Amino acid sequence: MDVFFETLRIMVEGMAGIFLAISLFFIVIKLMIRVFPEKNC
Amino acid sequence: MDQLLYGIKALNPSQVIMFLTGGVLIYLAIKKEYEPMLLLPIGFGAILANIPYSSAISHDGFLALLFKAGILTELFPVLIFIAVGAMIDFTPLLQQPFMLFFGAAAQFGIFFTMAMAALFGFDLKEAASIGIIGAADGPTSIYVATKFARHLLAPISVAAYSYMSLVPIIQPPVIRLLTTPAERRIHMRPEFNIKISKTVQILFPIVITIIAGIIAPISVALVGSLMFGNLIRVSGVLDRLSKAAQNELANLVTLLLGITIGSTMTAEQFLNPATLLIIAMGLVAFIFDTAGGVIFAKILNLFLKNKINPMVGAAGISAFPMSARVIQKMAQQEDPSNFVLMQAVGANVAGQLGSIIAGGLILTLVK
């Protein structure tokens, strides 16, 4: 059961990590689109 | 005479079963066209590996050499990622970056399956390798399994590629179970009038590599190779290299990867109860990936004014572009005037990113 509880910890940290990374990607994409709009290129 | 018969004398029933298993994979590849580029070489590799005293997998056999050079070094998955990166057009995702979150939610099956595998008695590293089948991404599964559970590489790879090809069969019932017809008929506001500048397209792979690398340094090989391939594609000055990555590199490495994975399917490693469990849990992973994406979209709909078609959430798995096509087909079955393909493609491309990040995080978190 120790391994099972360890997987639950990894599940929480893993999903949190994925959402953190994805949130950063989201912010960066939004920023890049604002800073470098199509018309300026 | 003995020299002519020593192969026949050494043949045992489990090897014959493996010939049949290889034959089934070849049949599925040719007759059903399930991931033929991989299942056919895997099937033939399995046959080569199970011939008694096979020189192909002896110490200096060509498959043994390919295994050492391409799998143990993780070179093949990384090269495949360069090719995949050169093939992917991230524009639908850049036009609707919100779809990124479905690429995150639909990785839930990885962690759920990992927990299930632990309950079935696998140790932590084995459980993590089994869970990563849910990345719906062959190279990531191979990469993680090579690092954590090399002895399970064959069943994990076969499960990953088989279920990827079975997405049109696996996803629809799960989606129907979790959504109402009214939800499946939701039309989404198109956001494709946004033009993405060349600068953004070029900066995207560089910035993503840096962010992902800082969060999970161990994922740099995976993310970096995918994004390198994409940078070649969008740079506009390496057209020849981009085409070479998409065609020659992809074809050559896929060919070698498939037959090398097949060569690990020896009877003694493959014919055991663990293989059946792994194949079953691969299915669990795909089901819970799909459920994770759909349920996440339904939760978001509680707060959003412009509702999301929850089926799009299911496209957040990495099986590209099959999952997006499945979602569009289902949407049109409910309402022929409903077009969610581009939204689904955005979520599907996000799934590629999400699965690699998930792979990197698993490698980071599992000690």
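Placement of Cβ uses the backbone N, Cα and C atoms for every residue, glycine included.
Here is what TrEMBL says about this protein:
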{"type": "TRANSMEM", "residues": "B:12-30", "note": "transmembrane segment"}
{"type": "TRANSMEM", "residues": "B:37-56", "note": "transmembrane segment"}
{"type": "TRANSMEM", "residues": "B:62-86", "note": "transmembrane segment"}
{"type": "TRANSMEM", "residues": "B:98-121", "note": "transmembrane segment"}
{"type": "TRANSMEM", "residues": "B:202-228", "note": "transmembrane segment"}
{"type": "TRANSMEM", "residues": "B:249-267", "note": "transmembrane segment"}
{"type": "TRANSMEM", "residues": "B:273-296", "note": "transmembrane segment"}
{"type": "TRANSMEM", "residues": "B:339-366", "note": "transmembrane segment"}
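Counting C-beta pairs under 8 angstroms (sequence separation of 6 or more), the transmembrane segment (B:339-366) reaches the transmembrane segment (B:98-121) with 3 or more such pairs. The transmembrane segment (B:12-30) makes no contact with the transmembrane segment (B:202-228): fewer than 3 of their CB pairs lie within 8 A, with pairs spaced 6 or more apart in sequence.
Just going by CB pairs under 8 A, the stretch in B:37-56, B:62-86, B:202-228, B:273-296 that sits most against the transmembrane segment (B:249-267) is B:37-56. If you look at the transmembrane segment (B:202-228) against the transmembrane segment (B:37-56), you find fewer than three C-beta pairs under 8 angstroms, all six or more positions apart, and that falls short of contact. Same-chain residues lying 6 or more positions outside the transmembrane segment (B:98-121) and placing a CB less than 8 Å from one of its CB atoms are 92, 127-128, 130-135, 277, 281-282, 284-293, 295-297, 300, 312-318, 343, 346-347, 349-355, 357-358, 362.
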